[in-house]
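> One structure is given below, represented as structure tokens, and several questions about it will come after.
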Amino acid sequence: MLPRSRTLPSRIHQGIIEERHDIRHYLQVDVQPNNTPKETEVINIQANYSKCFDDDGRLKRTGTFWTATAHIITAVIGSGVLSLAWAVAQLGWVAGPVVMFLFAVVNLYTSNLLTQCYRNGDSVTGHRNYTYMDAVKSILGGKKVKLCGLIQYVNLFGIAIGYTIAASVSMMAIKRSNCYHKSHGEDPCHMSSNGYMITFGIAEMIFSQIPDFDQVWWLSIVAAIMSFTYSSVGLSLGVAKVAENKTFKGSLTGISIGTLTQAGAVTSTQKIWRSLQALGAMAFAYSFSIILIEIQDTIRSPPAEHKTMRKATTLSITVTTVFYLLCGCMGYAAFGDNAPGNLLTGFGFYDPYWLLDIANLAIVVHLVGAYQVFSQPLFAFVEKWSARKWPTSNFVTKEYEIPIPFCGVYQLNFFRLVWRTIFVLLTTLVAMLIPFFNDVVGILGAFGFWPLTVYFPIDMYISQKKIPRWTSHWLGLQMLSICCLIISLFAAIGSMAGVVLDLKTYKPFKTSY
């Protein structure tokens, strides 16, 4: 294991810690006897440099429309899709699909505004913002940067917790399904979720050592395929269940007062809380704006990055919205007021049970990738900050080359190894403490939707485009922001009420199914 000759401090460019390779490896220059390059060769240097490096000095970005689409689909079609049948059941046949569609429209609109914030000023030659927080800092500045960073990174941490819970639920579903069929229904197959969360955490410890966001593109493509797999299975089983029932269950106004649930009969107050919680679940299902800039920073140009990203966003949200509406509505049609918080668990030990096993396995694989897509920006933030704070520390900055057979050379950094391992341990521990899937999803959706998906993109767009106050355009954007703020507040109240109800029967580390 040999230390690399360069450390992070030698790779600081305009305040950003960057991976810089020696350009002599790429530029072939013949030198005259007086050790000066010929004029024609100077031109070739510039030409070769532009082939290997982008305008900011970084190695050429290689992302495309398809890799960006895969990243977005991986981020959007997450575990949130599994709670949509439950969310529609709380709102009913009228409000459920309408609210879901409105969330899609708002996300598409604000995401397109955000894509134009990747570069300051000119959309082709302007200074790049590598992260969501960089965009807020360069366009808005002030205290808003710290507020944005706090909200964004707390939300990313929370999403990692939510994905750990969701993955454990799916792994248990596979185990319980096989246990039930093996015992021919005689064994109730109760089990704890803790072991499965630990298993998922170990897998994430390994994948978290992938150094950079642009190196997880293959994981995103696999995860996107998996998301379509389990969404399609859930949709197909919903259709089969409706055909078996020979009717569409549900009502125009959603779950009825008096319906028996695990927490008891639904009261009029609980009906309100559950409806508000459903808003948070739908908001969470579309939460990807917090990593949109990071995804955009992987895209090559020309054409301009915002053009490619706008197309990728439009396709991704369109496709996922169709899936969401189908899964949410068919799940509600199949189960009515008894729609489960996790759609696939509602089919119990359905035959052929192997089909449900495949779907749950696809969820686990997808969540392994989605966990990385959402965690990489947080990893990068902490590591860049640490490198600036302790630029002379070998523990923080030095990298070691480890040859891996058939895979090339892995760059090992001890700080990255320790910090990312601690991060995964923390998310796993918190997930074991609060394994409330629906409530966690609702809180995360409510907490991150308005500030990260609506407020900051609109505020940055207004500032960058210099839209005058009190014009019709400015008023329209502000009205959209205020409406979304109200929805987020209502969703947060409903989700917190759900947590309070769960805590009445909760015992730490004792959760079992």
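Here, residue 1 is simply the first one shown, and the rest follow in order.
Quick reminder: no glycine exception, Cβ is built from N, Cα and C everywhere.
Worth saying up front: this structure is predicted, and the values here are computed from it rather than measured.
Pulled these from TrEMBL:
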DOMAIN    61-500  domain 'Amino acid transporter transmembrane'
TRANSMEM  65-85  transmembrane segment
TRANSMEM  91-110  transmembrane segment
TRANSMEM  153-174  transmembrane segment
TRANSMEM  216-240  transmembrane segment
TRANSMEM  314-333  transmembrane segment
TRANSMEM  353-374  transmembrane segment
TRANSMEM  417-437  transmembrane segment
TRANSMEM  443-462  transmembrane segment
TRANSMEM  474-501  transmembrane segment
> Okay, the transmembrane segment (153-174) and the transmembrane segment (314-333): do they have at least three CB pairs under 8 Å, pairs separated by 6 or more?
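When sequence-distant Cβ pairs are counted, the transmembrane segment (153-174) does not touch the transmembrane segment (314-333), since fewer than 3 lie under 8 Å.
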> Ranking 153-174, 353-374, 417-437, 474-501 by Cβ pairs under 8 Å to the transmembrane segment (443-462), which is first?
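If we count Cβ pairs closer than 8 Å to the transmembrane segment (443-462), 474-501 scores highest.
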> So are the transmembrane segment (153-174) and the transmembrane segment (353-374) touching or not, going by 3+ C-beta pairs under 8 A with a sequence gap of 6 or more?
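Contact confirmed: at least 3 Cβ pairs fall under 8 Å.
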> For the transmembrane segment (216-240), I need the partner stretch with the highest count of C-beta pairs below 8 angstroms, choosing only from 91-110, 353-374, 417-437, 474-501.
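By Cβ pairs under 8 Å, 353-374 leads among 91-110, 353-374, 417-437, 474-501.
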> Where, among 353-374, 417-437, 474-501, do we find the most CB pairs under 8 A to the transmembrane segment (91-110)?
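Counting Cβ pairs under 8 Å, the winner is 474-501.
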